[in-house]
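Below are the structure tokens for one structure; questions will follow.
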Amino acid sequence: MRLTMSSSALPLPLPFSSSTFSQSPASLTLTHHPNFSSLLHSNTLTDEQQCTVKNESKPRTIRYRLGELCRQGLPHLARQLFDTIPQPSTVLWNTIIIGFICNNLSHEAISIYSRLKHVGSSTCDQYTYSSVLKACAETKRILVGKAVHCHILRSGIHPSRIVCNSLLNMYSTCLEFENGSRCDLVERVFRTMRKRNVVAWNTIFSWYVKRKRFSEAVRCFFMMMRIGIKPTVVSFVNIFPAVSEIGDVRVADVLYGSLVKLGNEYVNDLFVVSAAIVMYADLGCIDLASRIFENSCERNTEIWNSMISGYIQNNFPFKALDLFLGAVEAEDGVPIDDVTFVSALTATSQLQHLEFAQQLHACLIKKSMDSQVILLNAMVATYSRCNRVGDSFKVFSGMEERDIVSWNTMVSALVQNGLDDEALMLVHEMQKLGVVIDAITITILLSAASNLRDRKIGKQTHAYLLRHNIQFEGMESYLIDMYAKSSMIREAQAIFQSNCTNDKDQATWNAMIAGNTQNGLIEQSFVDFKEMLEQNVKPNAVTLASLLPACSQSGSIAIGKQLHCFAIRNLFENNVYVVSALVDMYSKSGSIHYAESIFLKSPEKNSVTYTNMILGYGQHGMGKKALALFYSLRENGLKPDAVTFVAILSACSYTGLVDEGLQIFELMDEEYGIQPSAEHYACVVDMLGRVGRLDEAHNFAKQLGEEGNVLGIWGSLLAACRVHRNFELGKIVSSKLIELEGSDRISGYHVLLSNIYAEEGNWQSVDNVRRGMRKMGLSKEVGCSWIGTSGYPSCFVSRDRKHPQSDMIYDMLGHLTINMKDVGYKPNLEPIEEWMYGLQE
């Protein structure tokens, strides 16, 4: 039993003085002290210590007594005893320094060394330097360590192997987070060593891994093997992470084979087993990792955790949970720690298995582990992934202690579940409570601003980032995405151009290409893609998924096919995001059979892939196929989202499948738990209006109340009124539209109303609409046509003279018009002519 010591030195029960020690320090024993009996019966020593002293028949030296006090956890008593020695020898100095280090008092050990150098009564030896270097390593005091290094060089003695190893350890520990030329000190010391043992090699392996010089670490390991130095268990534990980063399975097999040859002592070491599992899991060889796990003679918590994490890392959440249950039921009583539960929660969130998440939560409560912050953070994230953001907030609200990860996890959960406004309110609460916003919070705020298309929030977040000099990887891509989605493409391009070309990473190029496409800058998207290739930045699946929509917008299916070939050559053709973009591109370009072929051949599909295919079927009049595909979603283990319902309702509207569409609309909330939005209501109104059921459509829109006061809903009804020539209802709807329009001045609805009046023959109303549009500064949006010639897309609009060959084009149009009249074609131009007449007047 050790005495509990305070940070201050305890007074001895009797005074020591220099006259007490009549003998030499080397032969002095505590039993020679005149008041030894009082010390024996004092309360300073425990019963066990008193019994030990009573039974001592052999005299004990001062060195032994100093070491004994330090071993008993009484370094301050040892220090007071040491201070009474008039001229301590080097051995005694070493004893007290080592004793303080062993009691986690490294700062005090350095102070004792400083006193030794100041007194100068004794010389330092190899053990002195080695011990104090260890203290410098533990306290990260690099300047003191350098001073000790200078003392070693000035002493004139050649440093022994143990001193060189201590120097390596000190520099590698203290320079772990340093940058610049000083980082070469570890390598420099290693090269100056005449003889290196396995400890030195292990240190240099670890150093290279810390500095992310993985190839050099592996090369040094094989060099050590070639010169005949036998590796230790630590050697393999240090080198396995380097092999993982290199990504070479062959090197991993060679190293593990060498490990097996060294015998069971190496193969069955718990640290080696865990490191080997992690290495093979990182390399994607989960079968080999599993085989090592199954063949291990003994398993501790770390080995179980490594295997569970390996399954999660390689997208085997079911196997991870099975292994977790195996750890819980293990006969050897493996202790389950917080890392095990975090891994299980991660696998549960990947599977979105709500019931199992609730069981894990209950298990944490039963084990009294529900107060640990790291576990509650994982619980918040898991409930969020299971679409139970309310439960996430309950866990978050009940936390007695929260760190920045807790706040970021909850804010991220709100954003991921579409509650962006609530996320912004929570960040405001963070600031009120004095929680410092970090880089992760900034990325979540930028994502929320992107989702809301909120320029103000985006700019404020950017300003906060600049004021607090926050830097993080991928910052430019987040900012570009936010500004592009907020229709501030110039600001996005300015950020993109502000970076040096060589500094732009893949994510930054992808964000700029996607931003240009989203803002209709199709040609600029292709220009940036070409420049990306010229800068030797390799496109990935995200690049193609961002660029393919530009092909359908430009009507250039030829470029889309070239990108498709690029995807095949670079093995992206089976990527779910690329497949979804290809299906969308081909269907919108009129090649529905290409889209269908890609969809059927794709080994992996998500809800976006299905949504794009359903929309393509609808646009091409294949309503029955769209319905069949929608109902097959559940059979394939997928759940339709709100966008999927927009696609299927639109398909039913295009193809006249009204009853089927209404039935699906009813199932949205009842069976799938999706609350209809304005887009879904507009689809229903359009669906009823297309087949002439205008009264039903009107009544449906009116029943929505405030929720139905959306331009898209009433605009769809107005278009249907014009098609079915229901002029009276059209006027009612148009007045509703003008009432709702507010600051959103949209010319299309006014044009529709004018055409309705023209078809009715009400020219006075046509003139009133025209004057109103002129007063509001509205003009009819000009339609354009795209045509691809020699691989270059060209845009055409009515009466456009910007094209360099416009004279030839209009001459050809004149000939075509004459030929059309010759074959008897007579277009219905009455509404257009009246509209043109009104504009000319």
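A Cβ is built for glycine as well, from the same backbone N, Cα and C atoms used for every other residue.
So TrEMBL has the following annotated:
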- 125-159: repeat 'PPR' (REPEAT)
- 197-231: repeat 'PPR' (REPEAT)
- 403-437: repeat 'PPR' (REPEAT)
- 505-539: repeat 'PPR' (REPEAT)
- 606-640: repeat 'PPR' (REPEAT)
- 641-671: repeat 'PPR' (REPEAT)
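Can you tell me where each of these features sits in the structure?
Summed and averaged per residue, pLDDT over the repeat 'PPR' (125-159) gives 85.
Sequence-distant contacts of the repeat 'PPR' (197-231), counting only residues of its own chain at least 6 positions beyond either end whose CB sits under 8 Å from a CB of the stretch, comprise 161, 164-165, 168-169, 172, 176, 183, 186-187, 190, 238-239, 241-243, 245-246, 251, 255, 258, 262.
When Cβ-Cβ distances below 8 Å are used as the criterion, the repeat 'PPR' (505-539) is approached by residues 474, 476-478, 480-481, 483-485, 487, 489, 492-493, 496, 499, 546-547, 549-550, 553-554, 559, 566, 570, 793 of the same chain, each at least six residues removed from its ends.
Same-chain neighbours of the repeat 'PPR' (606-640): 576-577, 579-580, 583-584, 586-588, 592, 595-596, 599, 647-648, 650-657, 660, 664, 672, 674, counting only residues six or more beyond its ends whose CB sits under 8 Å from a CB of the stretch.
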